[in-house]
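> Found this in TrEMBL, in case it helps:
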type	residues	note
TRANSMEM	43-73	transmembrane segment
TRANSMEM	85-103	transmembrane segment
TRANSMEM	123-142	transmembrane segment
TRANSMEM	234-258	transmembrane segment
TRANSMEM	278-304	transmembrane segment
TRANSMEM	339-357	transmembrane segment
TRANSMEM	369-391	transmembrane segment
TRANSMEM	424-441	transmembrane segment
TRANSMEM	461-494	transmembrane segment
TRANSMEM	506-526	transmembrane segment
TRANSMEM	546-566	transmembrane segment
Amino acid sequence: MAALGALVKKVWSVRRFLVLLCAPLALLPVLLSLPAKEGRCLYVILLMALYWCTEALPLAVTALLPIVLFPFLGILPSNKVCPQYFLDTNFLFLSGLIMASAIEEWNLHRRIALRVLMLVGVQPARLILGMMLTTSFLSMWLSNTASTAMMLPIANAILKSLFGEKDTSKDLNRENEENQASLQQNKLYTVPTEMQFLASTEDKDLTEEKELASDALSDLKKEEEYKTNIWKGFLISIPYAASIGGTATLTGTAPNLILLGQLKSYFPECDVVNFGSWFMFAFPLMLIFLLMGWLWISILYGGINLSWRTKKSNIRVDAEARAREVIKEDYQKLGPTKFAEQAIFFFFCMFAIMLFSRDPKFIPGWASLFAPGFITDAVTGITIVIILFFFPSQKPSFRWWFDLKAPNTETQPLLTWRKAQETVPWNIILLLGGGFAMAKGCEESGLSVWIGGRLHPLEGVPPPVAVILITIVIALFTEFASNTATIIIFLPVLAELAIRLKVNPLYLMIPGTIGCSYAFMLPVSTPPNSIAFSSGHLMVKDMARTGLLMNLMGVLLLSLAMNTWAKSIFQLGTFPAWANIHAENATLLTTAVENVTLSALNKI
């Protein structure tokens, strides 16, 4: 096995090396077949997309390529490329990551999770619901990967208390032997001494005993199958809930922030998307999808029994009692709520409330007290985060100031910079910046206009049908590629397609963005899926059959949301003025490109 692993690593290293060398050469025809600037920009984008999909370079390193290639190829000067890596959108995301680091530092997430599980109950369907609600709530503010990594240990502890250790490698014969041993140990079927005596003398009684033993063994096999299904249902529900929950807030997942950044790049006058308006649209969608997903997982894996007459076995009753005790014991181990936890929870609520109320659109927000355009969501997030670095983690005592003999000990803040350095995934910031740089390059080079000019066949598609098709295509594409890379590639195309269709660009860009998070079918689709799959209790076919219907439900629910309450929130029923200005500029640029091409042909 070790030799096989070494061989696989060598093959993968050679493959990466070949992709790194051959990809730039294979894409050279792109430079020759398109107008100069547009061709060079498309060359860079295709090269980055190929590196992202194959992971020939780390994702964050690939995101740095525009800093080198755009200036060298004459697409964009360096003083316009580099600022894209530190837009205010990046700092909004950074504030969410640092807040998540503080929550993890003081185990607030664990207290919230255990408390929710104590409230929902210990029946499998209720526990799955409790895990999904908690994971989705955490994923609204933390990264999807961090939420999954935080919740899986809690799920494993509950599963072990319900069913004991789960061994996935045992074969059928060993399973039958253990079933028989468990049958005797748990005294599910015992034969009285008189019956044993009669059975030794009468063949009829012997046959009856065998039938009873066979029935008991069959029941035990059903119990084992039920146990396996519940285990799978638990593990598969956590990454799915993380992906769904991340769509509810702008800071919940990277594609949401990429949408915000590219809107500011393409449509600077667009001000309808902010934390509050996004939450009003995405939170109801998240709740509906979460409920539908819970019903599907619970029915598929036995958490909800559709037969009302089925009586709960004694084994299940005992297991649920043990699970209740484990949850209660783990919660008691946390001890009384610390001052630091209370402070983190307070600032966490302030973080959410201030972001939501800054500019909710339907009423004047607190940002209206300041000069227009000066206060953004990034200002709000970073303000709260800075407080975490000096606010004390222990309750301050005013007596210390008047007691001259009190020791001069340094008070630990809620979060230290060392902890933030270790836990914040800084590579995501570079990945966001690379996406914004690509968007800027597409706009400045005219590539987005060129792509829009090739979308004539789609102009006759009704917009509601276009929304469904776009969501399906992107959801399938993101099953095999990074969510962030997918939305970076598709958003410029969707913006130009919306202008061609004369619909609000948000009508196509929002479904494309959320569709990137609806990747449920494969372990490689998202990091949360990979984390759950690595536990060893799930197979690819489990995720495929569960995720297929999840993808379909997500597409239909998203289409429903875009054609109902999203229309009033984002004014999707009209072609806005901020998009019209961009369309006029694009038309002028297209005319200029056509004139240059014609003049070049006349000279020839």
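Backbone N, Cα and C define each Cβ position, glycine as well.
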> Mind checking which residues reach the transmembrane segment (546-566)? Cβ under 8 Å, same chain, six or more beyond either end.
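For the transmembrane segment (546-566), the sequence-distant neighbours (Cβ-Cβ under 8 Å, at least 6 residues beyond its ends) are 236, 240, 281, 284-285, 288-289, 292-293, 296-297, 300, 464, 467-468, 471-472, 475, 507, 510-511, 514-515, 518-522, 525, 572.
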> Are the transmembrane segment (234-258) and the transmembrane segment (461-494) near each other by the rule of at least 3 C-beta pairs under 8 angstroms (pairs 6 or more apart)?
yes
> With CB pairs under 8 Å as the measure, which of the listed stretches 234-258, 278-304, 424-441, 506-526 comes out on top against the transmembrane segment (85-103)?
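Stretch with the highest Cβ contact count: 424-441.
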> Within the same chain, where does the transmembrane segment (234-258) have neighbours whose Cβ lies under 8 angstroms from its own Cβ atoms, ignoring anything closer than 6 residues to its ends? I mean 6 or more beyond.
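Hits for the transmembrane segment (234-258): 89-90, 92-93, 95-96, 124, 127-128, 131-133, 135-141, 143-145, 147-148, 151-152, 155, 158-159, 274-275, 278-279, 282-283, 285-286, 289-290, 293-294, 297, 301, 355, 377, 381, 428, 431-432, 435-436, 483-484, 486-488, 491, 513-514, 516-520, 526, 528-529, 531-532, 535, 537-538, 542-543, 546-547, 550.
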> Cβ under 8 Å to the transmembrane segment (369-391), counting only same-chain residues 6 or more beyond its ends: which ones?
88-92, 94-96, 98-99, 102, 250-251, 274-275, 343-344, 347, 350-351, 354-355, 358, 413-417
> So if I exclude everything within five residues of the ends of the transmembrane segment (43-73), which remaining residues of that chain have a CB under 8 angstroms from its CBs? That is, six or more out.
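The answer is 15-16, 19-20, 23-24, 27-28, 30-31, 81-82, 84-85, 427-428, 430-431, 433-435, 437-438, 441-442, 447, 480-482, 484-485, 489.
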> Same chain only, please: residues at least 6 beyond the ends of the transmembrane segment (506-526) with a C-beta under 8 Å from a C-beta of the stretch. Say none if there are none.
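For the transmembrane segment (506-526), the list is 144, 239-240, 243-244, 246-247, 253, 255-256, 258-259, 262-263, 270, 272-273, 281-282, 285, 463, 466-467, 470-472, 474-475, 478-480, 483-484, 486-487, 490-491, 494-495, 497-498, 532-533, 538, 540, 543-544, 546-548, 550-551, 554-555, 558-559, 562, 566, 570, 572.
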